[in-house]
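The next block holds one structure in the form of structure tokens; read it before the comments.
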Amino acid sequence: MTLDTPRRVVALVPAAGRGVRLGEATPKAFVPVGGSPMLVRAIDGLIASGVVDRIVIMAPIELLDDARKLLAARAHAASSIPVDVVPGGAERTDSVRAGLAAASDATHILVHDAARALTPPALIARVVAELAAGHRAVVPGLPVADTIKSVSADGAVTGTPERAALRAIQTPQGFDAELLRTAYAAELSATDDAGLVEACGATVRVIAGDALAFKITGPLDLRLAEALLSGADHTSGQVGGQQEKRTAVPR
Ligand code: C5P
């Protein structure tokens, strides 16, 4: 991509996880929260951010049609933003790799977990604003409340990193598309996409995350999401009393 290439932001949404820790029969992204599947809420947030040009969802292969029907039945059908559904893979990195293959038109890529269903659109816009400002890898992160320790397989503490320097990393994670492709081509392993980019020697910028971008992983997270949505004012875009604001991103 040259400096003259117009920015085209494609959001990849990994939604192919089984969600074993949630304890539901349905794959996690299809579990409803506040009456809508997590996947639908995540897509709604990406569209509402106003900074995404196209969305690619990676769904379990047996649920491709269900995913397409869900999206067609929602407001996305009325949105001008194309939403495609492709099969995910066995691991999250396999799913993201499948999404990358379907996003050759992207100059910038957001990778955003369907399980972070309540992510405020303003956070998504802030990540893209940082990409637009020239940063090649941008992730939201929150200070950690607990003390974190590394522990050996037999349960002995091997270290206590200084808490003030730690951040719990969320999605959307934003990347220059070429950088993310290079990172995935290296076939390394990491627990998030930024980890792959770091392993290639690139600098990853952390911006302030948002508590509402928490990942719905276990039953307690699901209850929290339900409680937040039951108190939400859907007409004003407020969830849990936090007002949504759009961030202007220069095109
Ligand atoms: O399992 P975990 O909570 O880490 O999953 C994070 C996100 O990655 C979820 O939205 C899940 O659907 C997705 N995922 C995927 N393909 C997998 C495993 C997880 O798309 N094989």
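Note that Cβ sites are derived from N, Cα and C of the backbone, with glycine treated the same way.
If you check TrEMBL, you get these features:
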SITE      Arg21  site 'Transition state stabilizer'
SITE      Lys28  site 'Transition state stabilizer'
SITE      Arg163  site 'Positions MEP for the nucleophilic attack'
SITE      Lys215  site 'Positions MEP for the nucleophilic attack'
Other CB atoms, at most 10 A from the CB of Arg21 (site 'Transition state stabilizer'): 13
Site of maximum Cβ density within 10 Å, from recorded sites Lys28, Arg163, Lys215: Lys28
Spatial neighbours of Lys28 (site 'Transition state stabilizer') among the recorded sites Arg21, Arg163, Lys215 [C-alpha, 10 Å]: Arg21
Integer Cα-Cα distance in angstrom, Lys215 (site 'Positions MEP for the nucleophilic attack') to Arg21 (site 'Transition state stabilizer'): 12
Per DSSP, three-state class assigned to Lys215 (site 'Positions MEP for the nucleophilic attack'): coil
